[in-house]
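Visitor: Sharing a structure below in structure tokens format, with a few things to ask.
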Amino acid sequence: MAELTISASDIEGAIEDYVSSFTADSGREEIGVVIDAGDGIAHVEGLPSVMTQELLEFPGGVLGVALNLDEHSVGAVILGEFEKIEQGQQVKRTGEVLSVPVGDAFLGRVINPLGQPIDGQGDIEAEGRRALELQAPSVVQRQGVSEPLQTGIKAIDSMTPIGRGQRQLIIGDRKTGKTAVCVDTILNQREAWATGDPKQQVRCVYVAIGQKGTTIASVKRALEEGGAMECTTIVAAPASDAAGFKWLAPYTGSAIGQHWMYDGKHVLIVFDDLSKQADAYRAISLLLRRPPGREAFPGDVFYLHSRLLERCAKLSDELGGGSMTGLPIIETKANDISAFIPTNVISITDGQCFLESDLFNQGVRPAINVGVSVSRVGGAAQIKAMKEVAGSLRLELSQYRELEAFAAFASDLDAASKAQLDRGARLVELLKQPQYTPYPVEDQVVAIYLGTGGHLDSVPVEDVARFESELLEHVKASHGDILAGIRESKKLSEEAEQKLANVINEFKKGFSASDGSSVVVNEAEAEAMDEADVEKESVKVRKPAPKK
């Protein structure tokens, strides 16, 4: 057995070799100290070089965002569990701003505002990351709104049309159907998605801010049952989340949508709702001791929404021609659209659909108030067929509402006013639509033509919905070429209009009202004049008596 010998010179040489090859890793790291924490906010002393909106790392891997940069301290919003953060704990800079993972793998998934999946379906393979705070496209990077985004809702597509790249505000009191309008719009994109054509496909992002967990679950279930979840991403910041998550959720959804928009694709994003984001931002600002303004909101609450909604755009052809259409939702109180946040968002967006609680309670659903609702740029994107048949719809409905209020006090009305009231009542009934039943645009054109063309004037009001549905089934079954022509050419030619009128008149002959009566009007023929009376003067002129 060989003896183990230890040579002092060998040991000395090994140590010298190690010391000569050793390089000390020296680095400079800024560390701050928590001086107070609570309610999702922490004040940190130190960190003199921290950037605004920079991510900070708290003990336990909890992240925060630096918002207030004071002379000796930093005010940060905690993203996550803030109960374990205590005074005296160390805080590190990350040198990064907040970003989220993006990509097609997010379709069909539910994520939180940090981009982490919360639906229990495993991890998501992202294509890259995108910063939450990015500059909106400039004027030269945009083009005008020219392509329609069909909502499937007759009242919107006919009177307040929405184009790709537009921001259309959905505003109204609680429980007036605002979320239902947006969910129906998402459901209406499923047929375009099924075509596989990138020019027609629309990817949808639904951002739930401060909603109840059951409400978010019901929206997800409705999208799954309607077959639209495969083209939708849900960003959820429920009411139980901290204010920081509710503040960031819309920017997360916008970043995911912008990734697709700059890739030449079309996106629809729903913010449900921005009132709760403003409330969360107000809470954060007050806790950070920022000076309050009107309704206790901070001075930059307008910028909070403007920099978010300006990201919705129709990009120029040089940048791929992609688009992101925004449907922000705002909740009013007692139908007051002159409050601070509603007026802010109205001034930022390209139009609004005002849902009224009185109409909703009367059974008019969707409860859109035609007089206040408007689309400033969507008219350029409306198809010609719809423009032709719906041109007089808004005016007739507005006159009907005015006459309706007047008729409540008038005992006797002339025949023209009565006819206008009868026509208006049938138009209101025609525009009613059940939830989760979006209409294809060609069906909408036929339905609106029924009302504005006077074909419903002889149909009792209570039978309008049945007449419309049975006629559409008849046209689809026996005259599908009319619908196909509208769908392909986007026009209603004179020949097609005449054929449609004949089909409606023939259908009326076989349709019976609920009381069993016919809806065909038999106009009495005028009696022919005798030839001997044609040249006879029938007007007697009485000369005034001569003055005395």
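Using the three backbone atoms N, Cα and C, a Cβ is placed for every residue, glycine included.
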Visitor: Please find, within the list 112-134, 135-157, 480-502, 526-548, the residue stretch that Swiss-Prot describes as region 'Disordered'.
Guide: 526-548
Visitor: Take the Cβ of G172 (ATP binding site) and count every other Cβ within 10 Å, whichever protein chain it belongs to.
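Guide: Within a 10 Å radius of the Cβ of G172 (ATP binding site) lie 28 other Cβ atoms.
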Visitor: What other residues of the same chain, not counting G172, D173, R174, K175, T176, G177, K178, T179, have a CB atom within 8 A of the CB centroid of the ATP site?
Guide: E331, L355, S357, F360
Visitor: Spatially, which candidate from the binding-site residues G172, D173, K175, K178 is nearest to S373 (site 'Required for activity'), comparing Cα atoms?
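Guide: Closest candidate to S373 (site 'Required for activity'), judged by Cα separation, is G172.
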Visitor: Just how many other Cβ atoms lie inside 10 Å of the Cβ on D173 (ATP binding site)?
Guide: 18
Visitor: In sequence order, what residues of the same chain, 6+ apart, have a Cβ less than 8 Å from the Cβ of R174 (ATP binding site)?
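Guide: In sequence order, E331 meet the Cβ cut-off.
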Visitor: For each of K175, K178, count the other CB atoms within 10 A of its CB; which of these binding-site residues has the top count?
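Guide: Of the binding-site residues K175, K178, the most buried by Cβ count within 10 Å is K178.
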